[in-house]
Amino acid sequence: MQLYTYLYLLVPLVTFHLILGTGTLDHGDALTERRSADATALKPEPVLLQKSSARSTDDNGKDTQMKRIFKKRRNKARGEEELSENAVEFARELAN
């Protein structure tokens, strides 16, 4: 009868140890450090510069991708003055 009592108490502890991979909770929360290290190892590295967000300029230093930016903004972020100043340039780019 005593054997069953010990097994009854021992089985959950062994299972807990096997599931978590380590039984050393008393050494400075080793489980949380290990999990956070594993989680950061699985994160993908950020893309520093995507091709679509790269800007190219012509010889005068003007942005040659204004058409893309203009479509993305849909005229919401521009004032009327800026639109009237660049209307000719936009028309040329749209024609090309």
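Even glycines carry a Cβ here, placed using N, Cα and C.
Not measured: the values here are computed from a predicted model.
Annotated divalent metal cation binding site per Swiss-Prot: GLU81, GLU85, GLU89, GLU93, in sequence order. The feature compositional bias 'Basic and acidic residues' is assigned by Swiss-Prot to 56-66. Here Swiss-Prot flags GLU81, GLU82, GLU85, GLU89, GLU93 as 4-carboxyglutamate, drawing on similarity to another entry. Annotation comment: Swiss-Prot describes ASN96 as asparagine amide. Marked as region 'Disordered' by Swiss-Prot: 36-85. Annotation source Swiss-Prot lists signal peptide at 1-21, citing sequence analysis.
All protein chains considered, the CB of GLU89 (divalent metal cation binding site) has 13 other CB atoms within 10 Å. Residue density at GLU93 (divalent metal cation binding site): 15 other Cβ atoms are found within 10 A of its Cβ, drawing on all protein chains shown.
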